[in-house]
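Chemist: Take this structure, written in structure tokens, and hold onto it; I'll ask about it next.
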């Protein structure tokens with residue numbers, strides 16, 4: 001997928017770019033639908049209640065996050081919209097819009113890859129914690145020793161990997177929007193507000 005964004009390759013092999021593009025979008029659609037089928041068939045590793053809120057009592061009442069399933073349903077509409085718009089703009093030969101939607105689809109499609117990284121990071125932290133006294137670790141995170149308590153905590157950590165993935169994806173999206181100039185008006189507004197506040201302070 002990243003090679004699709006290399007302009008020199010697009011110009012040198014336009015037919016290959018087009019064929020690869022349709023193949024990638026088709027596979028993206030099939031993979032996403034098969035992935036969400038796990039939720040519909042109730043075979044995914046997530047909390048039984050999709051609207052359950054996870055927390056680790058030892059970290060306080062503020063740090064709470066939704067289930068693994070809900071975090072993926074949130075991104076689904078944007079994922080499928082980018083698949084559709086990337087294909088439609090390509091067929092309409094509206095290449096300026098096509099490139100924008102293709103970038104957005106790449107960002108959305110990278111969610112699971114990013115999740116693999118965040119999950120590995122959390123597993124690494126968990127492995128490091130296994131060398132500490134078990135009582136201290138359970139006490140710090142507020143997790144009981146019963147199998148059900150530990151299973152609940154494991155589901156929570158698994159879901160937290162998606163929260164970290166959302167943070168990475170949104171940061172990437174903000175970077176791309178800033179690079180494309182979409183945030184210039186927001187920056188201008190914030191800058192003017194800061195200047196107005198500074199002037200008002202001097203007057204006082």
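Quick reminder: no glycine exception, Cβ is built from N, Cα and C everywhere.
TrEMBL: automatically predicted annotations, no manual curation.
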Chemist: What range among 42-61, 62-81 does TrEMBL record as transmembrane segment?
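Modeler: Residues 62-81 are the ones TrEMBL records as transmembrane segment.
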Chemist: Of 134-154, 155-175, which span is tagged transmembrane segment by TrEMBL?
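Modeler: Range annotated as transmembrane segment by TrEMBL: 155-175.
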Chemist: Report, as numbers and ranges, which residues of the same chain sit near the transmembrane segment (102-125): CB under 8 Å and 6 or more residues beyond its ends.
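Modeler: For the transmembrane segment (102-125), the nonlocal Cβ contacts are 1-2, 4-5, 21, 25, 28, 35, 75, 78-79, 82-83, 85-86, 157-158, 160-162, 164-166, 168-169, 172-173, 176.
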